[in-house]
Amino acid sequence: MSALWSLGVVEQLNHMGFGVAYYLHYTLILVILSGLLVLGIYHILIRKLKIEYFQRVTAVGYSCVVFGWMTILSVKQPSSKLDLFGFLSLPISFAPFESLIFTSIIVPQASFIGHLSGIIVGYSIAWGLIHGMNNYWAISMLGWIVVVFLFSLKRTGAFDFSFIEIEPVTDLSLPTVGVITTGNSRTLQMNTLPFDGAELV
């Protein structure tokens, strides 16, 4: 959160082509593309390289976006500083990889792959490989995110959307969660397999 607060300087750099709209547009890009990149890397590690550890890894969080913004600033404004926790100030040009190593040491369950994905997408944006975001594309992408979110809610059974119909798919190797209704009370029952690891992105 401290790093994210420091990165708020992006919103004030209108003269460099940044600003609030730029921040919102490319934050959306970072959320989507870094998430897809993480899933792609996990798929390769599990299916192609047969590393079973990653079958039980859960990645969740926002720090891949923070790492992406660190990377964008390190390219666009290398002379600026990144303040962490109010007492540590890092040159922004080194901040992405310093923070990647520092976080991996201090927080063992932090997702190295998630943070690295944020850095890769950040470089893609900073170098102009991903560009041209405007309000139309941002609103369109946000709309698709809402649609996918509603399908996800329907699939998990948390809410009843009668207008969405999804075929059930059962994988016996994954944990199952069910709700048992007795009278006026509900009980959550969960059958789990042991997790080898969980990661925070």
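Even glycines carry a Cβ here, placed using N, Cα and C.
Note that TrEMBL annotation is computational and uncurated.
What TrEMBL records for this protein:
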DOMAIN    1-130  domain 'Peptidase S54 rhomboid'
TRANSMEM  20-46  transmembrane segment
TRANSMEM  53-72  transmembrane segment
TRANSMEM  84-105  transmembrane segment
TRANSMEM  112-130  transmembrane segment
TRANSMEM  136-153  transmembrane segment
Q: Work out, from DSSP, the number of helix, strand and coil residues along the domain 'Peptidase S54 rhomboid' (1-130).
A: 89 helix, 11 strand, 30 coil
Q) Roughly where does the domain 'Peptidase S54 rhomboid' (1-130) sit in mean pLDDT, to the nearest integer? A) 83
